[in-house]
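Noted in Swiss-Prot for the protein shown:
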{"type": "ACT_SITE", "residues": "Asp8", "note": "active site, proton acceptor"}
{"type": "ACT_SITE", "residues": "Asp125", "note": "active site, proton donor"}
Amino acid sequence: MEVYPAIDLMKGRAVRLYRGRRESVKVYGDPVKIAQGFSELVDKIHVVDLDGAFEGRPRNLEVVERIIEETGLRVQVGGGFRTYEAVGRAYEVGVENVILGTKALDTAFLERLTDEFGGITVSLDVKDGRIAVKGWVEEGSIKVRDAFEILRNYVNRFVYTSIERDGTLTGVDEIGRFWGDEEFIYAGGVSSAEDIVRLAERGFSGVIVGKALYEGVVKLEDLLEVAKCLRRG
């Protein structure tokens, strides 16, 4: 089990949203300083370009580049990666994993990326059992398990994001394992060490934690200790 602290970016600032709603934004400050704090405890973080997700193209890659240069952290980033050029630019600035959302359902595009780049990850952004699209603004028609059965032919690394839980601090979804040996990372509502234990029991290999850290609901050190114990078995 791995723990990935999250930084969501909007207009160059670190923010959090409630259930992905733009009007619910809460600002937490300088993302580079926040990343520097995380770098004392972890070597990899999760970054979301919210402007990119809403607008359809990355808008905060310069901030991501600064985070990498000034902290040495490994970074996985999502938000608006819908062209080959945008994905390529992210890898140029030093990103380790580019996370695709909506565009991953274009399997010709996905295949081209996986042929060219390593570390491509797909985010299954779920609401009511279906994949949400266009920055979570629209609910899609495809069921999450149907999407997974298609996408698993191209990638083996996924993020499962519960939109209804995101930013709520209400705990994690009750999800029955529907994947095999693919790497699955959970995001949405994580607010305690017990959540991490439950997710590990369901087969998740990683967890993304955001608002619970920013609001002081849980300490990153405590989550990392639990994750270490889980890895030991």
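Backbone N, Cα and C define each Cβ position, glycine as well.
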Would you mind listing, in sequence order, the residues at least six apart from the residue listed as 'active site, proton acceptor' in the same chain with a Cβ closer than 8 Å to its Cβ? Ala14, Val15, Arg16, Leu17, Val47, Val48, Leu50, Gly210
Protein Cβ atoms within 10 Å of Asp125 (active site, proton donor), excluding its own: 27
